[in-house]
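Following: one structure in structure tokens, then a few remarks.
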Amino acid sequence: MGSGWSSEEEERQPLLGPGLGPAPGATRRGREAAAVLPAAGPSPGRVYGRRWLVLLLFSLLAFAQGLVWNTWGPIQNSARQAYSFTGWDIALLVLWGPIGFLPCFAFMWLLDKRGLRITVLLTSFLMVLGTGLRCIPVSDLTLKKRLIHGGQILNGLAGPTVMNAAPFLSTTWFSADERATATAIASMLSYLGGACAFLVGPLVVPAPNGTAPLLTAESSRDHIKDRIETVLYAEFGVVCLIFSATLAYFPPRPPLPPSVAAASQRLSYRRSFCRLLSNLRFLMIALAYAIPLGVFAGWSGVLDLILTPVHVSQVDAGWIGFWSIVGGCVVGIAMARFADFIRGMLKLILLLLFSGATLSSTWFTLTCLNSVTHLPLTTVTLYASCILLGVFLNSSVPIFFELFVETVYPVPEGITCGVVTFLSNMFMGVLLFFVTFYHTELSWFNWCLPGSCLLSLLLILCFRESYDRLYLDVVVSV
């Protein structure tokens, strides 16, 4: 595996928190989890410096996938003029993301049976094909639109890996006191890529000028098309570099496992699904994640369409989307680091986050209805409500992932997170499907946000948490 990557100084024993007992009701389940440990094997507990390189490569791949997925939403007005896209085309380009999750279970099987390296290489190769397809120079606009749609489909097929594999990577490479942080970084970078699309697109691609004379409009259309193609070529180059790096070095696992949980045996693929579908607590918390995050992801993808009726420009909509996701990424990583230090507090963190999400989404929805509510509709209020909503919802993702794995351990991490992200994308896909037909008036979409956040808050409140994997690492290992 390349032992030259680490030295004695780079290897250490993981910090097993002092005196941490299991959550109420977790003792029996923790002992059952301990039963899956192998009778003999290498003593776990080593972490390697190369784990940060593996995390960096995976995070860059997730960043690029989010960037490519959200290429068209922030520049939808320019794309309409350059490629004669309709509102249905823009919504469909965003919809290819959740549609790409349909073969999610195949990628989960591949991750469970063949490991991280093969899955990541296949994912990055699909992204190379997808971004390359969008760059093929053709003069026929109809053919060009088909190539763009095909490229977005292939990029959507990369979604299951970048969204599901973060907890698997953190368990495989990181110790118990670093897992939540590693999960947050790996899972948040996909959202950060989508945020950068809000920034890169409107800054590189100029907005169309509908009042220009005919000859000037034709020249402007060619200029806009050239700038869009510049973005497409740049994204293709970035994806090719990441694919080359993962092909050169991306080991499937470290020489020695970093924790007891990483060394333990897991349930089979079939038994894992039986365990998940029969666990009511898991189904409850899975819906608490899937419904609001699916609604918010679809809402973010068409944010420009939603803000256009309230006279928000393409550039302002891009900045609002950018800061809402960036804020969520920063707070999410900070929350995960806090969860690594103060263990057993995941439910409380989620309750606080979704209380804030419910209030901020209600504020935004009522602000957009200022003709009825008479609330001030200003740039400041739109920025504040959208950014707070993004911070509260996006930062909950790594906390949810850790809670999923703790709840159903020893079900493999990739299968657990694959099921919940599939559900999330299913809800997102259903909403975007309606957007493709009802894209002229989207105020109904805004009301889906506070409703889904409130439902999730109630589900989390009724959820009974347990920490089976943490019990195994901290108590059984001691």
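Placed from the backbone N, Cα and C atoms, the Cβ positions cover glycine too.
The topological domain 'Cytoplasmic' annotation in Swiss-Prot covers 1-51 (among others), and the record cites sequence analysis as its basis. Within the model, the topological domain 'Cytoplasmic' (1-51) shows a mean pLDDT value of 49, rounded to a whole number.
The region 'Disordered' annotation in Swiss-Prot covers 1-27.
If you look up Swiss-Prot, you'll see 52-72 (among others) marked as transmembrane segment. Sequence-remote contacts of a segment are chain residues at least 6 beyond its ends whose Cβ falls under 8 Å from one of its Cβ atoms, and for the transmembrane segment (52-72) they are 5, 79, 85, 90, 93-94, 96-97, 120, 123-124, 127, 130-131, 152, 155-156, 158-159, 162-163, 165-166, 169, 173, 182, 185-187, 189-198, 200-201, 231-232, 235, 238-239, 242, 245-246, 249-251, 300-301.
For the transmembrane segment (90-110), the residues of the chain that approach it from at least six positions outside its boundaries are 69-73, 76, 79-80, 118-119, 122-123, 148-149, 152-153, 155-161, 164, 269, 294, 297-298, 301-302, 305, 414-415, 418-419, 421-422, 425-426, 428-429, 432-433, 435-436, 439, judged by C-beta separation under 8 angstroms. Per Swiss-Prot, the feature transmembrane segment maps to 90-110 (among others).
Here Swiss-Prot flags 111-117 (among others) as topological domain 'Cytoplasmic'.
Under the heading transmembrane segment, Swiss-Prot lists 118-138 (among others), citing sequence analysis as support. Here the transmembrane segment (118-138) has Cβ contacts under 8 Å with residues 57-58, 61, 64-65, 68, 107, 110-111, 144, 147-148, 150-155, 157-158, 161-162, 165, 229, 232-233, 235-236, 239-240, 242-243, 246-247, 250, 252 of the same chain, all six or more residues outside its ends.
Residues or ranges marked as transmembrane segment by Swiss-Prot on the basis of sequence analysis: 153-173 (among others).
Shown for the topological domain 'Cytoplasmic' (174-184): DSSP residue counts in helix, strand and coil, namely 6 helix, 0 strand, 5 coil. Positions annotated as topological domain 'Cytoplasmic' by Swiss-Prot, on the basis of sequence analysis: 174-184 (among others).
The transmembrane segment annotation in Swiss-Prot covers 185-205 (among others).
The N-linked glycosylation site annotation in Swiss-Prot covers ASN209.
Annotation comment: Swiss-Prot describes 230-250 (among others) as transmembrane segment, evidence class sequence analysis.
Look at Swiss-Prot and you will find 251-281 (among others) tagged as topological domain 'Cytoplasmic'. For the topological domain 'Cytoplasmic' (251-281), DSSP puts the residue distribution at 15 helix, 0 strand, 16 coil.
Per Swiss-Prot, transmembrane segment is recorded for 282-302 (among others).
Listed by sequence, the residues of this chain that lie at least six past the ends of the transmembrane segment (315-335) yet keep a Cβ under 8 A from its Cβ atoms are 74, 181, 184-185, 187-189, 191-192, 194-196, 198-199, 201-203, 207, 300, 303-304, 307-308, 349, 353, 379, 382-383, 386-399. Look at Swiss-Prot and you will find 315-335 (among others) tagged as transmembrane segment, backed by sequence analysis.
Per Swiss-Prot, topological domain 'Cytoplasmic' is recorded for 336-347 (among others).
Swiss-Prot lists 348-368 (among others) with the feature transmembrane segment, giving sequence analysis as the kind of evidence.
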With a Cβ cut-off under 8 Å, give me the same-chain residues at least six positions beyond the ends of the transmembrane segment (153-173) that come close to it.
47-48, 51, 54-55, 58, 61-62, 65-66, 68-69, 96-101, 103-104, 107-108, 111, 116, 119-120, 122-124, 126-127, 129-131, 133, 179-180, 182-183, 186-187, 190, 253-254, 257-259, 261-262, 398, 401-402, 404-405, 412-414, 416-418, 421-422, 425
Please tell me whether the transmembrane segment (443-463) and the transmembrane segment (282-302) touch - that is, whether there are at least 3 C-beta pairs under 8 Å between them, with each pair 6 or more apart in sequence.
yes
Residues from the same chain, set at least six apart from the ends of the topological domain 'Cytoplasmic' (111-117), whose C-beta lies under 8 A from its own:
161, 164-165, 168-169, 172, 250-253, 266, 269, 272, 412, 414-415, 418
